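Look at TrEMBL and you will find 1-17 tagged as signal peptide. According to TrEMBL, the transmembrane segment annotation covers 220-240, 261-280, 292-311, 331-353, 395-416. The annotation domain 'Polycystin cation channel PKD1/PKD2' is assigned in TrEMBL to 293-420.
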Amino acid sequence: MGAWILRCAVHALLVVGLTLHASQVDNHLQAYTRGLADELWTLVSAQPPSRAYDYELYTMDDTIAHVHSVLDNYFMLPVVALGRFRIAACDGADDAQDPLACPTLRVVESATGTDEVERFYDLQRGNESSWPVGLRYNTPHDVSRVFFDALVSMELSMRVEVHPPSREEDVDADFEFTNWNISFAYDLSAQGQLHGQMRVRRLLPTLTLRATPKDLIPRYVAFIVLAVLYQLLELGHLVATLPGAQSLETIGRHLYFTEPWCLVVLCMNVATVAVSIQAWQYAGHLAYFEQLSLTFATACGLAWVSSLRYLHANARFYILGLTLRRGLPRVLEFLIGVGPLFVGYVLFGTVMFGSQVPRFQGLTTTATTLFAIANGDEVRLTFDSLAATPFLGQIYLYSYIMLFTYVVLMVCIGIIEDAFFSSAFPSLWKQPATRSNDDDASPRLANDAWLHLRSLILDETDPSFRSSQTAILNRVQERLYVANAP
């Protein structure tokens with residue numbers, strides 16, 4: 001009991017620490033990251049603020065003007081932006097000494113329609129010759145036409161360093177910059193126009209960093225110590241609960257059937273130690289860079305999920321675990337059986353309506369739309385979007401809603417409900433059915449069992465009372481097999 005309490009206490013400390021750290025450090029920068037993406041979109045693309053960060057280009061002149069405008073606005077960032085930006089010089093003077101790489105244009109071409117060729121261009125400030133011939137200003141129309149006919153996609157990538165918000169009043173202090181990559185992707189492979197999208201992602205820090213502050217280092221040390229201690233306690237518990245014969249097969253079966261939480265805790269502790277050691281090196285940053293986000297999110301999620309093992313010590317909380325253990329396999333089996341029907345609706349909707357309705361423009365988009373409809377979301381909007389084919393569209397949606405909302409969804413709810421009641425009230429759920437309208441009704445015995453019981457009773461009855469005992473047994477038999485006959 002003492003070891004269980006110690007493991008529970010260490011786990012609680014680790015969960016609380018990771019949660020507070022996520023709210024104070026990682027989540028604190030999410031608003032800054034989103035704001036920076038909006039700022040870069042507005043400044044570089046010269047488009048109104050939009051969280052979609054995408055655009056459509058329909059003519060060759062618009063495309064040439066757009067890529068040149070993006071590059072020109074990039075070089076103007078330190079001059080016009082309110083924020084503090086640092087960009088690559090790329091003026092041809094001494095680019096080798098520049099800590100940031102020049103903007104790069106990656107062009108994917110397919111002249112034959114099958115073989116694709118990648119070409120890379122390092123773009124210079126004010127140097128028209130650094131562009132591909134088909135994207136230069138004043139290029140003959142037929143030359144640009146040859147370029148766009150072979151174009152599959154292209155991506156314009158630029159590096160920028162940003163100084164995060166700071167309240168320091170020492171203007172002479174070295175500024176700390178975070179490194180970002182801005183990419184404008186242009187796709188011409190699927191449609192008759194260029195579909196573009198801007199992506200912004202964090203990169204590793206630059207070399208011009210201030211000394212690592214001391215306030216976050218004890219926090220990372222505490223995470224590492226708690227994770228290592230927790231894992232040692234978990235290993236001790238695992239060794240203590242192992243059966244006598246210890247083989248790889250025995251240990252595997254023990255982990256799978258008896259101690260499955262040990263694997264979850266192991267993954268959580270490994271992720272916590274890894275992210276703490278890596279973040280320790282860049283503790284001065286306002287948040288993790290992109291490579292750490294998945295690891296840190298995994299550690300936080302597993303920490304809270306593994307808390308269920310301690311809540312299951314209480315019978316009321318354990319009902320949730322039993323319900324999921326009994327209900328989820330049956331739900332998955334049922335959904336696998338319904339899967340071909342859902343795929344059929346997805347394929348039909350994509351092929352039939354994809355050319356006119358954006359909600360059905362691809363397999364993934366159609367599956368998302370149908371999943372939302374099954375859960376009662378955007379039903380009327382989807383009906384309105386199929387106004388171009390009213391008869392067929394309504395039959396398609398009505399049949400899907402009746403089948404998946406009224407049948408499939410209700411069956412899944414019924415399976416989980418059955419699992420819950422069988423977990424919460426096992427004695428009532430497994431009680432044999434009796435006649436509720438007959439107070440004298442009793443469960444019926446099998447005929448062989450009754451004959452054997454009758455023979456035993458008569459053998460043990462005094463011969464002088466044998467006739468009376470036989471009459472009693474006959475009346476009992478009548479009540480069991482005649483009065484209760486269906």
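Keep in mind that glycine also has a Cβ here, set from the backbone N, Cα and C atoms.
Within the same chain, residues 11, 14, 18, 216-217, 220-221, 223-224, 226-228, 230-231, 234, 237-238, 255, 288, 291-292, 295-296, 298-299, 302-303, 305-306, 309 sit at least 6 positions outside the transmembrane segment (261-280) and bring their C-beta atoms closer than 8 Å to a C-beta of that stretch.
A Cβ distance under 8 Å defines the sequence-distant neighbours of the transmembrane segment (292-311), meaning residues of its chain 6+ beyond its ends; these are 8, 11, 14-15, 18-19, 22, 26, 261, 264-265, 267-268, 271-272, 274-275, 278-279, 317-318, 320-321. Listed by sequence, the residues of this chain that lie at least six past the ends of the signal peptide (1-17) yet keep a Cβ under 8 A from its Cβ atoms are 219, 222-223, 226-227, 229-230, 233-234, 236-237, 240, 265, 272, 303-304, 306-307, 310, 313. Applying DSSP to the domain 'Polycystin cation channel PKD1/PKD2' (293-420) sorts its residues as follows: 109 helix, 0 strand, 19 coil. Regional average pLDDT for the domain 'Polycystin cation channel PKD1/PKD2' (293-420) in the model is 89.
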